[in-house]
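Report on the structure given below.
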């Protein structure tokens, strides 16, 4: 490998030789600076040999390699900030790593990032990639009775939802602007995995599907499996009660919806360029405050929403609401710099398996759970002047395609005609 910067120490060259993935010239320079920065820190603490041993042997049974934890948990390398364990795991193991949500520390790691100690371990072999759990197939009895018409779907559009604030126990992330590396998705901020799990999983339904009820034991049971679609969600943008622009189809595991005027791409849905002849002054003012908007992650069968805007976002997620024991229509305020788990595939799978035992209508009602509504800047509900989502100036609706298609297959197996599942707006 040719020297990128003059006077590259031999140890840095050796470590760069183990780098994964191909980068352009600018990115190669940044990688070298990241390695030089780490080498400089480890020389002072005598851990350099252990780093080289871990990288060259690719062995988990190496020691923790630690650097001091900064105040906000991030490491700055050449005007770019990121979480240190993510930076070095991406550099030496997974060049396609998007976020710390994709990493889980090994049990043997004594200074894992999520432990919030004064030192943080950056040994890339002390972390493992979170794998998407395989969802068990739903066993569906084949019914002969086809419903004459679909039951009415629970519709939260015209009721006044309750309001709640960001769940206590989740620390807000530091809201420091960052410059993502070219071709990479930027890391999100600092949230303790332990705290996230403790708070988010409270009240979760039992994740093991219930066995079929005795009444179904003698029926012909057909397994209906979950299939991951090419586009994990579809996003529609609304101003008041009018849909604006085309539906965005998300294929990337991390993408943003923002208020800027850049052309949209697979990782960004930019609302700034969308025109609407009926746009009023209130909508125009709100659009100016969307800013960096919201980042959506789909990782390990879970969906997270992170507020990047300087103003709060407001989320109505029936799946999240069930986890907390709230009313299904509750709207949760997410302050700037915080993120919230808004959907969990395993929880949905358990609910679907239980609902099959309760009949067609119970399964059909889960359609509403696959739709998430989110408003920018202005909230709605009982505590706000605007009491319905269609009264908010700027909002989006997410349709989770995998769960919706799974529902469609289950309903078809139960005896319904094939339908296009959608929410009632």
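The backbone N, Cα and C atoms fix where each Cβ goes, glycine too.
What Swiss-Prot annotates here:
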- 2: N-acetylserine (MOD_RES)
- 8: phosphothreonine (MOD_RES)
- 10-136: domain 'MH1' (DOMAIN)
- 33: ubiquitin cross-link (CROSSLNK)
- 64, 109, 121, 126: Zn(2+) binding site (BINDING)
- 81: ubiquitin cross-link (CROSSLNK)
- 137-231: region 'Linker' (REGION)
- 165-177: compositional bias 'Polar residues' (COMPBIAS)
- 179: phosphothreonine (MOD_RES)
- 204: phosphoserine (MOD_RES)
- 208: phosphoserine (MOD_RES)
- 213: phosphoserine (MOD_RES)
- 271-324: region 'Sufficient for interaction with XPO4' (REGION)
- 378: N6-acetyllysine (MOD_RES)
- 416: phosphoserine (MOD_RES)
- 418: phosphoserine (MOD_RES)
- 422: phosphoserine (MOD_RES)
- 423: phosphoserine (MOD_RES)
- 425: phosphoserine (MOD_RES)
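Feature annotations (Swiss-Prot) mapped to structure.
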| residue | record | DSSP class |
| --- | --- | --- |
| 8 | phosphothreonine | coil |
| 33 | ubiquitin cross-link | helix |
| 64 | Zn(2+) binding site | coil |
| 81 | ubiquitin cross-link | strand |
| 109 | Zn(2+) binding site | coil |
| 121 | Zn(2+) binding site | strand |
| 126 | Zn(2+) binding site | helix |
| 378 | N6-acetyllysine | coil |
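Surrounding the centroid of the Cβ atoms of 64, 109, 121, 126, where the record places Zn(2+), the chain contributes additional residues within 8 Å, namely 63, 65, 66, 105, 106, 108, 110, 111, 112, 122, 123, 127. The recorded positions considered are 33, 81, 126, 378; of these, 33 has the fewest other C-beta atoms within 10 angstroms of its C-beta. Counting residues per DSSP class in helix, strand and coil order gives 15 helix, 16 strand, 23 coil for the region 'Sufficient for interaction with XPO4' (271-324). With respect to their backbone Cα atoms, residue 81 (ubiquitin cross-link) and residue 121 (Zn(2+) binding site) stand 17 Å from each other. Each of the binding-site residues 64, 121 was scored by the number of other CB atoms within 10 A of its CB, and the lowest score belongs to 64. On the backbone, the CA of residue 8 (phosphothreonine) and the CA of residue 121 (Zn(2+) binding site) stand 25 Å apart. Neighbour counts of Cβ atoms within 10 Å were taken for the recorded positions 8, 109; the minimum is at 8. Closest by Cα distance to residue 33 (ubiquitin cross-link), from the binding-site residues 64, 109, 121, 126, is 121. Per-residue pLDDT, averaged over the region 'Sufficient for interaction with XPO4' (271-324), rounds to 94.
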